[in-house]
Amino acid sequence: MPIDASNSMLNAIGAGTALIALCSAPALSSIVTRLSKRDAKQDTYEDGDGKATLESIKAYSAKLPKSLALTSAAAGLAMSIALLGVSPHTEGRLLTDSLGTGAWALLLFQAAAVASSRSSVQAYRLGIYTFFSAIVLGGILLAQGTETAERLLKSAPAAFALGVVELVCSVSLAISALCIPRRPDVFYQGELVDRMYTVSAFSRFTWSWPSGLLNLASKKKDLDLADLTRPDQYTRAAAVSADWKKLKTSGRRLWLSLVLAHKKPLALQWLATLAASVLNFAPQWVILQLLRFLETREPGKKQDIEAWMWVVWLGIVIIAQSWVESYVWWLAYSELQIPIRAQLSALIFEKSMRRKDVKGGERSKTKTSQEGDAEAAGPTTPSAAGVEEDDSEKLKKSKQSTVNLIGVDGKRVSDFCAYQNLLPGSLFKLVVSLVFLVDLLGWKPLLAGFSAMLAIMPVNIYFSKRYSDSQDRLMKVRDAKMEVVTEALQGIRQIKFSALEPEWEKKIGDVRERELSAVWSVFMNDTMLLACWVTSPILLSAISLAVYAALTGSLAPSVAFVSLGVFKGLEMTLSIVPELTTDLLDAWVSIKRIEQYLNSPEVETISKDADEVSFDNTSIAWPSDEEMDESERFVLRNINITFPKGELSVISGKTGTGKSLMLAAILGEVDVLGGTIYVPRAPPLSERHDSKANKGNWIIPEAIAYVAQIPWIENASIKENILFGLPYDEERYNKTVATCALKKDLEMLDDGENTEIGANGINLSGGQKWRVTLARAIYSRAGILVLDDIFSAVDAHVGRHIFEKCLNGELAVGRTRILVTHHVALCEPKTKYLVELGDGGVLHAGLLSELREEGTLQKIKSHEQTAEEVEADELATAANSDGSSVEEREQDGVDGNTLKKVTSKAPVARKFVEEETREQGHVKKHVYSTYLKDSGGFFFWIFALFVFLVVQGLNVGRSWWLKIWTGNYQEQAVHSQRIPNIPSVYGYSYADGVRQTSIHAMSAPAVGFQGTLVYYLGIYVALAVISSIIGTLKYLYIYFGSIRASRKLFAKLNFTILRTPIRWLDTVPVGRILNRYTADFNTIDSQLANSVSFGANSFLGLMAVIVAGLFVSPLIVLLAVILLLICLYYAIRYLNGARPVKRLESTTKSPVFEQFGSALTGVTTIRGFGKAQVYVERMYRKIDDYSTATWHLWLFNRWMGWRMSLVGSFFSSFVSILILLTPGIDSALAGFALAFALEFSSSVMWTIRLYANVELNMNAAERIIEYTELPTEALGGESPPAAWPTEGRIEVNDLVVAYAPDLPPVLKGLTFSINRNERIGVVGRTGAGKSSLTLALFRFLAARSGSIHVDGLDISKIKLHDLRSRLAIIPQDPVLFSGTIRSNLDPFNHHTDAELRDCLERVHLVTNPSSSHTSTTTTAAAAALPGDGSAANSVAPKNTNPFADLSSPVSEGGLNLSQGQRQLLCLARAIVSRPKVMVLDEATSAVDMHTDALIQRSIREEFGDATLLVIAHRLSTIADFDRVLVLSDGRVAEFGTPRELWEIPGGMFRAMCEESGERERLRGIVFGEGKMDE
């Protein structure tokens, strides 16, 4: 051994021993501590993650690894001592061997420390130090062996054998030290916590701990959430949120706080990235050595051990590289992405529970300020640039954009945190590869190559920019699509009633076309990026190698193939930089939006503690985000009132006078501009001890319960909504249900109190929603009830029942009740204190008795309604006279109440909202075939396969050509070289050899050589160019098919959903259908094509690897098959687990958004009840579910990835072994084979991962295809004559109708006929079948038998679309669509403005200057905005009438108009089309008397030449109609003129009139003595 070599070896061993000594320090300190204080054996175990149970402590054992470690260390020391005696010593050798023995002694000491440790965590930590020490020693032994092995094998075989055993001992020690489990299983809240910190280091760092779960998944072919372990303390939402609060983040920028909060994993990730960047090129370096070795070997000579050592090193570096890369990715997800996502979600939700609820109270000054939720379109988002939106849009968006903070922004930030390391990683890699390449090629060829790359760079940057712009455009179009679809789904009943499906189909289709064109532009730009990505490595390598060959006059295989490999690695690195930059910008925008939200103002305590609720010279306004002028907002000024404790107080006033504002002030949800508010201070939730509440201490006098103007109901059962988290007290609960008039409703519903309510109470009628929210307040423990307008949505007699039994019944005794209402007269008897608001302040306030004496009370009542009207209102209930509390439509199920009265009181409550189904196992073949068919069919895909094969062939061909080229040089070199004088120490001396040999080559005629360079290079470049062109076009081709499939599938889905039966639409939550339209299509549009094309690419790449290996030896095929079978085994296990977990991830994601959306809507109610903390904790649980699914998805991914890398490293090592074993192989072929062999593991891995992606993305296709195959309503039938119906005669013969085949009929043999232009009133008690009749007329319910004829045509024989478009209906709850007044009246522009104005006049929404007597009232009514007190208008001198201008905006659902205005607008819409048959399902809800009179008058005047069918709730409405149809239990009970029916003794109609309480008035109308008052 040369002197310098032995010196460097000595230095290396000395350094290694020092390292081992350092690693022994913790062992020493642990032994010292243990001796100083004798610790007992641990019987329990608990840490931040959770607590171990007795069973898990029993199950924990570390005896085996500890004893193995001791044995290995002892054996190693023995071998080392033996070696000292046996091996032949040179002068340096004795010293190195003694140092080795010293190192073994230290290792034995460490192993003893591990074995004797009592604490499992300490033993685990010491084991890791021992592992590192053993690895260092093993490395030294290996290096020593590489140098001396050959000599020893000849001279001292015994020493060689001992050396091998010693190496084995060090490996065995390293492994056993890693196998010590860290702790027993721990549980948190009774659930098993993830085992990452439980298992041994070996299991943890090879991702082996999910094996058990994967076995379970293979066994049951599915996984449920309950099977997965729960997040540990570093990912648990509650814990990461608490950590954040400890950080003291105030005053710091959010991104900085995030970096500081996660500094450890970030630093670790960067370090590992640096290591990965170096290791990335290690396999290439080893191959370089191997190829140089082959180039210099003399043919026929036996291999040196040195060559075999390189084979071993190749395996080691590949494993090391793949492990470090795996670890970097695991860090990225487990310690950055998932915890950060959980942390941000938790913080945003907590903030939303504390944030000021800015409602947009400043609507009067519309455009000047930015609307409340600035983040809706804050200056940060590009979309906000100069786009003005009307306020209702902004309000809607603000909620959506708040939900988006978790859905979009939080995800963007956490995703970017996961892979931000790629930016420094690219830089590290660039530096490492440049150093390597300069060493390999010299700087000139490299510069030439890079100049080509730089030329492509601007193109890349330009298209990256275009790509991100087109992505932004796509996002905007997607938002627009979402809005249109949401609106269509929410107004689907109206669309069906008016037969507008084709128009809406077109409307949605148009937005979809815009979306697809945006998707196409994304694809085009993506293709250009791919072109740069495909072309630049090809160009780089072609130019560099050409320049190198021209400069040196030769091209050795080692240079050619290694530089190719390095270029390839480098390319990947550089191509992601532009994409990362756009991701960085996105994340930056998102983090600023989140920061803005987290810094927005919060609700402060605005009131002082006192015994009573009182206002002392207070001025209040709706909350606002920014400082505003008082003149710009609606303010209630100088209020001085005191609500008496334990009594009923009433607040009244016209619409828009600030009644709700005053209630909000009591709840603390306003800005106080002056004065003081006094409200009793409720104890915090933690001190209420709700679980211990009993009769004696139920009421907490200071607590508040609130019933909002728009009732807020959760997706839970009715009972859970009423209990609202309180314990169940049967007696109190039953009383509550009875007093809130819910008893009848619960009896009507199949599942009674356990009936599940859809989100926002979708399957309850307006009145039921109110009564449920009222019951929640009554049941609660609150001593102060704040109630907003509870009488407007219930029938009058129900209102009276609630007033007497509920507001003044035993459950209300001693509670302070503050009630907003229009019905002062109704409340007068029991009211103690009355406030009337108006003109921006209090008009009158005082004890009722005082006001009565002053005569003010009379004045207040006259403002409301005349006593007679009130009387009428209360008592005109005859249509529902059986005292049922339920509005008619409930039973008849017109409103989606599929909860019909059926006898089955099943023990298990039926879900109203069906659970979303999760498919199990493979995606069905049918789905694939449908998708493939829609994207272009058989030939399309055959051609695609052909193109992909050609590309792959070109790739192999290019490398093969390089082999021929380099082999040619080598032959020239070999022929000329017969002189074995080349020093075998690698490095530059080899290049001298080449130089000497190439002189002979040069001496040949130069022309031939030049010709060959041009010839080889020309073909190489030609191959390169062709493959880059076809390589780019194949992506475009696939994109083309993808767009085609997307277009077809969407058209099918859209057609089907708009035409599914109404019953199906009622049982499926809108969100679920929306998901199909948005999320699932986003997957199909954007991701599926890429997964398919990249997947095919990697699969064919894998084939290419095997084909390339074939050239070396046919054995490779056998080997590849064996390894692929192993891979397949892992892949199948992986897919069995990943499939259900990916599906779980999508199903656990929705609850997070649903809860967030729901809580945002009900935030005032939640805070009013003091329940914010409950919701925060509930949110934590949902975030944890989501985290668990993502965690396991990545865990399985790493489990597979690491195992694939191992298999891949075997492949590369085997190929190199075969190369060494095959004597005649030249280095060119070896280089060719090895260049491909290195790709094996990544090809296998990507193939599997992308196959999984295709399958998971096909999951989206599966869900869409499931919906495209739903049954639709009957689409066939004949077309009726163009003018039909001309007269409007209706004949019903023996009609039998049921809601579903398995339900009993609701109409049982109905027969009657109606003449042209007759006005018919339909009355009957609740459940008589009134609404079912309208549904049958419009064929929403198919007749089981019998028929309906209109003008002699059987309606079941004609096309549905024709039938519904020729009849008109005004349903109970009017639905308007967002747009303008004009677009609502005449959505498809069939009429002139003059006609539309005329219709608005007819329904008294705008007044003709000539008839001014109603002018003042209507205009005021028309202008007042509902409820949110935003009618600062009332202070303004003159209100503008929104209906005066046809282009006035209407917000989604028409919510910027009052209920009465909506109803009148629907009436106008019906008048526009001038139908011959008109059905009016009369509304009972929030139309005040005045508006009601207007509607009645319009109906009388406008429908003179039409047949009118009115389903009446007030008898006075129809008392002067031509005839009245009385239904009872689905049959005709009476039918005749009102006078005839009145005269039937004991008749039903007469009885109803008698019971109604307005008998005399009705009698007058029936006998024509007194017309209806108008």
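Glycine is treated like the rest: Cβ placed from N, Cα and C.
When TrEMBL is compared with the stretches 128-146, 660-678, 1477-1495, the one noted as transmembrane segment is 128-146. For the ranges 98-116, 326-344, the feature annotated in TrEMBL as transmembrane segment maps to 98-116. Same-chain neighbours of the transmembrane segment (1013-1040): 520, 523-524, 526-527, 530-531, 534-535, 538-539, 541-542, 545-546, 549-550, 936, 943-944, 947-948, 950-951, 954-955, 957-958, 961-962, 964-965, 968, 1089, 1092-1093, counting only residues six or more beyond its ends whose CB sits under 8 Å from a CB of the stretch.
Per-stretch counts of Cβ pairs under 8 Å to the transmembrane segment (98-116) identify 68-86 as the leading one among 68-86, 267-287, 446-463, 1099-1132. Proximity of the transmembrane segment (68-86) to the transmembrane segment (158-180) is established through 3 or more Cβ-Cβ distances under 8 Å for residue pairs spaced 6 or more apart. Outside the transmembrane segment (158-180) by six or more residues, the chain places 62, 64-66, 68-69, 72-73, 75-76, 79-80, 82-83, 86-88, 107, 111, 114, 120, 123-124, 127-128, 130-131, 134-135, 137-138, 141-142, 144-145, 149, 152, 200-203, 205 with a CB less than 8 A from a CB of the stretch.
Panel annotation: around the transmembrane segment (1200-1221), residues 206-207, 283, 287, 290, 294, 303, 307-308, 310-312, 314-315, 318-319, 322-323, 326, 329, 1105, 1109, 1112-1113, 1115-1116, 1119-1120, 1123, 1126-1127, 1130-1131, 1133-1134, 1230, 1233-1234, 1237-1238, 1240-1242, 1244-1245, 1248-1249 of the same chain, lying at least six beyond its termini, place a Cβ under 8 Å from a Cβ of the stretch.
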